[in-house]
Amino acid sequence: MIKYIFITGGVVSSLGKGVTAASLAAILESRGLRVTMLKLDPYINVDPGTMSPFQHGEVFVTEDGAETDLDLGHYERFISTKMTRLNNFTTGQIYDSVIKKERRGDYLGNTVQVIPHITNEIQEFIVRGANNSFEGNADIAIVEIGGTVGDIESLPFLEAARQMSLSLGRSNFVFMHLTLVPSVSSFSELKTKPTQHSVQKLREIGIFPDVILCRASRRISSEERAKISMFSNVPIESVISVWNVDSIYKVPSVLQEQRVDDIVCSTMLINPEPADLSIWRKLVDRIENPSCDIDIGMIGKYTDFTESYKSLIEAIAHAGIHTNSRVNIKYINSEDIEKNGTDLLKNLDGILVPGGFGNRGIEGKIMAINYARENKIPFLGICLGMQLAVVEFARNVAGLKNANSTEFDASTEFPVIALINEWKDISGQIERRSINSDKGGTLRKGAQSIFVMKNTKTHSIYGDSLYERHRHRYEVNNNYLKCLIDSGLIVSASTSSENLTEVIEIKDHPWFIGVQFHPEFTSTPRNGHPLFIDYVRAIINKKFIKSI
Ligand code: GLN
């Protein structure tokens, strides 16, 4: 039987619940347990696919093509279990499902209500998600409940968790509550009152936390822990201090040092092998002792809001870990390049144009790509970045003046990037779209296996095939492919069914690659990702070896 750990949040949002939950999962995985994770989001949107990255941060794409909360990215970076569309659901999905059932007549004339219909549906979704990994034989499912205790919108989730715990039996669930323990100024005492209130709120709805995780700027003293323990009726050993650390990969050690895993295991009456966090310690050691520094310029739109590039930033950091380097990311707003020219790019060792949607700053990104190509700066273009690299090449090498993507200029004379109307999705089904399609769910999404052309840089990185995740609408227009290839563009990988371009390279350049997919979603700190590692290695070679 699967045991459940429910994690709620208190006082404020953005306390790092996802990282904390994932870190606990990593410890439990190191103890030989089969761990899966779920994220419950209280908003009404059916998925975060159409939400602004300003509001919601990155949309994480799973292997099976679901657009999910960015916390699922943390889960995949911390544990080896792969997430799917069943590991994340929203209030919107729950209501959608209940309303469909009601319309079908499944409730046989009953009045459909939040309790029991919505709460039952939530429980079914939790059980379905937990059973989705390890053929239903996971040992533990960690369920992260989004939002903050006390919010109206997360109440049905909390009520569902409470009801579920009742039927599970005492040794099959643990409730953990992550709260903020603030201080008014950096040296003043920590304030435990918000935590007391937040635990009271939980208890009002019938949830009695087994563990309280106290997020604070510094380690919490035992007096403060004793106070929290007394007011919240949780033993002092189970009041855990989660202090600020400079790398998220230190969090497993922070928790394990305070024996969180032992508390959880003893509540659940299990006694697996001891934890082994040596791999995490090794990673942290490498992060702290790099042998060189490089600067990569990330040319984007959401440069003040780096949450929207979460996986990418992590993937770059992982490449640093695996090349013994510290990679500093310089965020450059492409509109500043439009205004002030490419001087901003002068001291960069590498240039990266990430994925994106919408018109703003496009020409600035193209200017940056042009600069990288002509000045032989190692360049990586991801999704939109790859499409713009094709536009730049078309304009400035293939002589297709004013070439563009129809996303930005619907009447361009040379639409080198355009919508295709029909394609096969990952399950082999034909999907259709047009300019007027709904915005939600009309992208090419999910992982696809793709052959790589021999004798290319891409082949030296990936070998014969690659398996990467997609999330985009536009494609390289095959009507221009011959012209681009004749002008020297190398298409090193394309889909076998529709011949859609997946990777491009150019000749006579130290490292210039554009990929239509999102390699950042599959990078983990343990293994890194071959494309990012090769990119960073090329930058290091160019900076430190070639210049000798
Ligand atoms: N806007 C582009 C498209 O829809 C690129 C998307 C992306 O970078 N994820 O094809």
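Note: Cβ is positioned from N, Cα and C throughout, glycine not excepted.
As recorded in TrEMBL:
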REGION    1-270  region 'Amidoligase domain'
DOMAIN    3-268  domain 'CTP synthase N-terminal'
BINDING   Ser13, Lys191, Thr192, Lys193, Pro194, Thr195, Gln196, Lys227  UTP binding site
DOMAIN    307-536  domain 'Glutamine amidotransferase'
BINDING   Gly356, Leu384, Gly385, Met386, Gln387, Glu407, Arg473  L-glutamine binding site
ACT_SITE  Cys383  active site, nucleophile
Fewest-neighbour residue among binding-site residues, criterion Cβ within 10 Å, set Ser13, Thr195, Gln196: Ser13
Recorded positions close to ligand 1 - of Gly356, Cys383, Leu384, Met386, only those whose C-beta is under 6 Å away: Gly356, Cys383, Leu384
Cα distance (Å, whole number) from Ser13 (UTP binding site) to Gln387 (L-glutamine binding site): 36
Rounded to the nearest Å - Cα separation of Leu384 (L-glutamine binding site) and Gln196 (UTP binding site): 47
Cβ neighbours of Arg473 (L-glutamine binding site) where a neighbour is any other Cβ within 10 Å: 17
Average pLDDT across the region 'Amidoligase domain' (1-270), rounded to a whole number: 94
Residue among binding-site residues Lys193, Lys227 with least C-beta crowding, 10 angstrom cut-off: Lys193
For Glu407 (L-glutamine binding site): intrachain residues, at least 6 apart, with Cβ closer than 8 Å: Phe357, Asn359, Ile417, Arg473, Tyr474
Between Gly356 (L-glutamine binding site) and Lys191 (UTP binding site): CA-CA distance (Å): 41
Least Cβ-crowded entry, counting other Cβ within 10 Å, from the binding-site residues listed as Pro194, Gly356, Gly385: Pro194
Number of Cβ atoms other than its own within 10 Å, given for Met386 (L-glutamine binding site): 26
Alpha-carbon distance [Cys383 (active site, nucleophile); Gly356 (L-glutamine binding site)] in Å: 8
Residue among binding-site residues Ser13, Lys193, Pro194, Lys227 with Cα closest to the Cα of Gly385 (L-glutamine binding site): Ser13
Cα distance (Å, whole number) from Met386 (L-glutamine binding site) to Thr195 (UTP binding site): 47
Helix, strand or coil at Thr192 (UTP binding site) [DSSP, three-state]: coil
Number of Cβ atoms other than its own within 10 Å, given for Gln387 (L-glutamine binding site): 30
